[in-house]
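Asks: Take this structure first; my questions come after.
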Amino acid sequence: TFLVALCFSYFAKAFSGSYMKSSITQIERRFDLSSSTVGLVDGSFELGNLLVIVFVSYFGAKLHRPRIIAAGCFVMALGSFLSAMPHFFMGPYKYETVRSHVALHNNLTGSADSISPCLANRTLTEDIRPGCVKETSSYMWVYVMVGNMLRGIGETPITPLGVSYIDDFAEPGSTPLYIAFLHTVALLGPMAGFMLGSFFARLYVDIGFVDLDTVTITPQDTRWVGAWWLGFLLAGAVTLISGIPFCFMPKAMKRKEVQSSPDEQKLKEMETAREMMTLPSPAGFFLALKSLVCNRLYFILMVITILQMNSFLGFITYKPKYMEQQYGQSIAKSNFITGEWSMQ
C-alpha cells in the first residue's frame, strides 16, 4: 500500500513539475516578463528545494516519515493553487495592446517570416530593439514564483524519506524492484504534464470569463495565451489527493526476520552505524556528512548527476519556446512534441 501511494506521489510531482515547464512561455507572455525573469520563476522550485532538503532528509528520518511526506504533498498542492491565483485577480487578458506577429504553423525552413520579430535580421553586435524590451506591467507573477518555491519545499521529503522507508521495511532484496516501480511510474508524469499543457494551450486564457466569439486571435498568433492556470488547479488537486494515504500509514512496519548467517553480526554493526549517523543531533549530522563526502564513489556519482540534471533542466525548460520562436510553431504543438519526446 505504501508503494502504491508513493508511486502516485511520484507521478503527481513529476506531473506538476512538467506542467510548469510547459507553461513557461504563456506565463512570460501573460505577465510581460523577460526570459531571464521567467527563468527565475522556474528556478524558484530548485531554490525552495535547496532550502530544506538537508534538514528534511536528515532529521525527518527519525520522525514519522509517512506523515512528513503527506505534509510535503499538501504544501505542493498549496503551491500549485497559489500559482493559479493571479489569473483570478488580473482581469481579462488584453491582447490588443501586445505586438502582433502571426507565426507560420507548419514552416520548418527557419525563414525570417517564421522567426520571432525580435530575432529576425539581428546580429550579435546589434542592440536589442526598443520594441522588444519588456517592461513588467504587473507583479502578480511573484505569486507564481512563491507557489513554485512552495512546490519545491513540498517535494523535498518524498524521495529521500519514501525510498528510505521502503529500504528499511521491505523484504531483503526487494528494494531495487520497488524503486524501479517508482521511477517507471514517474516517467508517466512528464508525458501527462506536457500533453495536458498542449491541450490547455489551445484553450483561451479567459475561457469561462469572456465570450470566446469576440476573440479575434488564434493559437498561431504570438499574442495568444492559453488557459495555463487550469493545469495548476488540476495539478494541485492531484497532489492533494496523493498525500491523503500517507496520513494513515504507520511510523514503522514489522520487519521480516532475517535468518541467521555468518554475516549477521556484520549486518547488525552496519545498521547500528547507520542509525548513529542519522541521530537527530549536530554531532550525528556532521558524522553522516563526513561519511558521504569521504565516499569517493558516492561523491563522483553526485557530481555526474548534478551535471546531467543541469543540462536536462535547461533543455526541457526552453525547448518549447525555442520551437515556437525559431520554427513558427504554436505553444500547443511545441508542448505536444515535447510530450512525445518525454515518452521516449
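Note: Cβ is positioned from N, Cα and C throughout, glycine not excepted.
Quick paste of what TrEMBL says about this protein:
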| type | residues | note |
| --- | --- | --- |
| DOMAIN | 2-344 | domain 'Major facilitator superfamily (MFS) profile' |
| TRANSMEM | 40-61 | transmembrane segment |
| TRANSMEM | 68-89 | transmembrane segment |
| TRANSMEM | 178-205 | transmembrane segment |
| TRANSMEM | 225-248 | transmembrane segment |
| TRANSMEM | 297-318 | transmembrane segment |
Asks: Please identify the stretch among 68-89, 178-205, 297-318 with the greatest number of Cβ pairs below 8 Å relative to the transmembrane segment (225-248).
Replies: 68-89
Asks: Could you tell me the mean pLDDT the prediction assigns to the domain 'Major facilitator superfamily (MFS) profile' (2-344)?
Replies: 80
